[in-house]
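Chemist: Okay, handing you the structure first.
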């Protein structure tokens, strides 16, 4: 049993891949049907650097309807994942226009990991065709890294819940970042003001 417990909160636009990422990591199966999330919690045991960590995974709704409810998930967090979809440049724009300000308001000082979800769609012909209709292209790794620098995130990672590529790496990086927060002299926790 893990004696170290950490809390992770995942945020980002609706339908950008947050819930699938959590379900694939915690349960090992990809949900084929999209059901919008209100709030869901999962727990996963993660081992990093010889440490067993019980990671509480707090899923949140990205839709605007839940903007007033979402902050209730932030208190006592140790790490935040801000997600966007590689097949949705608008969701990356929203990282800078919406998500980073919300996270910094409620969770200043916590490590943030920027996650590009749906990496498998970057070279998908149907996705490219759809984006071309609006003169857009899938987000590149370089664009993701550029936004990471702008928002001051700890790390930028990409994954595909559908193919399971990069999923474990996201949560190992998040766990490492969450463990770093305990080494600070003052306890940095999220609070609602």
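Backbone N, Cα and C atoms are what each Cβ position is placed from, and that goes for glycine too.
Heads up, here are the entries from Swiss-Prot:
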type: BINDING; residues: 12-19, 59-63, 117-120; note: GTP binding site
type: LIPID; residues: 190; note: S-geranylgeranyl cysteine
type: MOD_RES; residues: 190; note: cysteine methyl ester
type: MOTIF; residues: 34-42; note: motif 'Effector region'
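In the displayed structure, how are the listed features positioned relative to their neighbours?
Modeler: According to DSSP, residue 60 (GTP binding site) is assigned to a strand segment.
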Chemist: Using DSSP and three states only, what is residue 119 (GTP binding site)?
Modeler: helix
Chemist: Out of these binding-site residues, 60, 63, which one has the fewest other C-beta atoms within 10 Å of its own C-beta?
Modeler: 63
Chemist: I'd like to know which of these binding-site residues, 18, 119, is least surrounded, judged by other CB atoms within 10 A.
Modeler: 119
